[in-house]
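Written out below as structure tokens is the structure these notes cover.
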Amino acid sequence: MTTTLAPSTDRASRPTGIPGPSPRGRKPRPVGGLVGSVALWAYAAGALVPLVLMVLNSFRTTADLYNKPLSMPWPPSVDSYKVAWTEGHFGDYFLNSLLVTVGAVALSTAVSTMAAYALARTRSRIFSVLESVFVSGLMLPIHLAILPVFYLLDGMRLVDSRLGLMLVYAAAGVPFSVFVLTTFFRQLPPELEEAATIDGANTWQTFVRIMVPLVRPAVATVVVFRFVPIWNDFLFPLVLLRSREKYTVPVGLTSFFGEYSTNWSALFAGLVIATVPLILLFLVATKQIVAGLTAGMSK
Amino acid sequence: MTRRSGLFFVAPALILFGIFVLYPMASALSYAFFSWQGTARGGFAGLDNFHALFTQEPFRSQLPRAFGHNLAFFAGTMVVQNTLGLGIAVLLHRRPRTRRALQTLYAMPYLVSPIVIGYLWTLLLSPTFGPVNALLRQVGLGSLAVPWLGDPDTALWVVILVSAWQWVGFPVLLYGAALGGVPEELSEAARVDGASHWQTFRSIVFPLLVPAIGTVSVLTFIFAMEAFALPYALGGSTGNPAGATDFMSLLFYRTAFENGSTNAIGVSSAMATLLFLVIFGGAVIATRVLRRTEERIAG
């Protein structure tokens with residue numbers, strides 16, 4: 001495992017013999033100067049314009065899209081949202097996605113926090129074996145097990161159910177969540193628990209009242225970071241769900257694109273509806289997302 | 001924490017993970033070595049299912065083609081990430097005030113579901129309605145306004161570029177973190193010794209980025225081998241046009257859930273096993289090469 005966030009400073013230690021001019025006082029200049037800045041903002045525009053077009057086009061009528069493809073949507077029309085939300089059943093899809101995602105993230109985070117605490121605080125062979133079992137899950141491409149997952153859920157009468165989907169996502173999130181949370185629990189001093197024990201708290205009380213509040217930032221990171229891939233996932237609901245009223249947003253989107261292939265503004269509205277929760281999440285938790293992504297990358 | 005309470009804390013996560021991840025993963029491998037009649041398992045088949053992949057149609061012709069597309073996809077995204085991604089990260093370095101804002105903007109596309117991204121670009125690139133071609137015609141480049149996704153010569157490029165566009169913010173963030181870990185004194189010292197910007201980058205900064213480049217490569221490889229939702233949205237489950245955007249995961253999906261051949265489970269599981277070996281083997285080899293490179297540089 002390479003930890004990307006902390007490149008080993010020992011190897012990069014100062015070569016001896018070079019007279020060290022103090023870099024302090026003089027600010028290192030950015031690479032590229034003004035041209036660099038322009039390039040960076042230009043690329044930012046390139047990254048955002050397609051998404052902006054998606055939003056703008058959802059507020060236009062399909063006739064406008066065809067006749068004036070490059071004009072602004074004025075006055076904005078919300079008809080396409082009405083079509084998508086009701087006729088296109090996005091109301092249902094949205095609720096299903098929310099239910100499955102929130103349920104899976106909650107379950108996954110709860111069991112992973114418990115497990116991570118135990119793994120961080122016990123020193124015995126069996127626990128280090130268990131830890132490597134969990135962490136090895138980071139390398140397993142779970143989508144390749146879709147057939148056995150299908151038959152497993154079939155045997156449990158959980159095919160075409162939101163609960164089945166939720167359980168699969170919750171389990172798939174365990175490796176990452178355990179990995180991040182264990183690291184955080186290890187950083188907490190054991191004296192905290194000793195003090196709690198002296199005060200008469202049992203292990204469970206210590207965990208819930210003292211330890212969990214202390215790792216709240218890590219829990220937030222795990223929650224945000226798991227929310228995104230579950231909300232976005234396509235293969236599991238495509239295979240595991242049958243009835244339209246149980247579809248999550250990505251599968252619902254696919255059937256909507258099949259049915260409404262000529263109603264362009266409604267299609268754009270569908271795409272926006274599918275994306276709104278992520279944008280909201282992003283606005284409230286950018287810091288957590290960035291932290292989560294870097295934590296995920298250091299594996 | 002005692003061993004007993006430790007096990008109590010680990011148990012829920014272990015049960016969930018064992019049932020819905022470990023057990024299906026193990027089954028997926030075992031499925032490949034049996035012959036199947038629909039959902040009923042027949043006798044032990046040895047390597048027959050694997051043999052069928054390379055001798056029977058449609059697999060004999062579609063498997064190498066799909067695998068080739070996966071490799072091209074990997075190569076293409078790697079090139080973009082290590083030129084554009086690294087370039088942007090270098091430009092962002094030492095711009096503390098704008099860095100946060102720009103990283104946030106660059107991150108937007110990869111939060112959006114690949115299925116949404118795929119459909120969005122299908123709409124944007126449409127030959128009749130699409131604003132991309134409308135814009136090209138407007139600025140007098142009408143000859144470039146081709147049916148991007150309808151032409152087998154351009155369709156795979158579109159898939160590669162759209163995916164690279166979606167994910168470029170990811171290496172920017174990772175390389176940014178790695179650049180932040182390069183001690184400023186080192187490059188300053190090299191500069192004092194008369195090294196040019198480029199020499200400093202090549203001999204001081206670049207070697208320290210090797211772990212980050214390795215992480216990006218491994219994650220990109222896994223991601224490229226598993227790609228499903230984006231090609232599904234851009235080219236359907238058969239990789240339109242004419243199989244030009246067919247990928248391993250699409251072929252696997254068709255074999256397992258759409259073809260309806262009697263031994264579908266056996267053959268598709270063999271395919272999943274093969275893909276798993278490629279991903280796992282590729283990741284292991286990459287990690288090993290990377291470690292050797294790091295040692296040589298540190299040498």
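We count from 1, first residue shown onward.
Using the three backbone atoms N, Cα and C, a Cβ is placed for every residue, glycine included.
All annotation found in TrEMBL is predicted automatically rather than curated by experts.
What TrEMBL lists as transmembrane segment is B:7-26, B:71-92, B:104-124, B:155-182, B:203-225, B:264-286. Feature annotation from TrEMBL assigns domain 'ABC transmembrane type-1' to B:67-286.
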**Message:** Cβ under 8 Å, sequence separation of at least 6 from the ends of the transmembrane segment (B:7-26): give me the contacting residues as numbers and ranges.
**Reply:** 1
**Request:** Verify whether three or more Cβ pairs under 8 angstroms connect the transmembrane segment (B:264-286) with the transmembrane segment (B:71-92), leaving out any pair fewer than 6 apart in sequence.
**Result:** no
**Message:** Out of B:104-124, B:203-225, B:264-286, what stretch is closest in contact terms to the transmembrane segment (B:155-182), meaning most Cβ pairs under 8 angstroms?
**Reply:** B:104-124
**Asked** Same chain, outside the transmembrane segment (B:104-124) by at least 6, Cβ under 8 Å from its Cβ: which residues?
**Response** 88, 130-132, 149, 158, 162-163, 165-170, 172-173, 227, 229-234
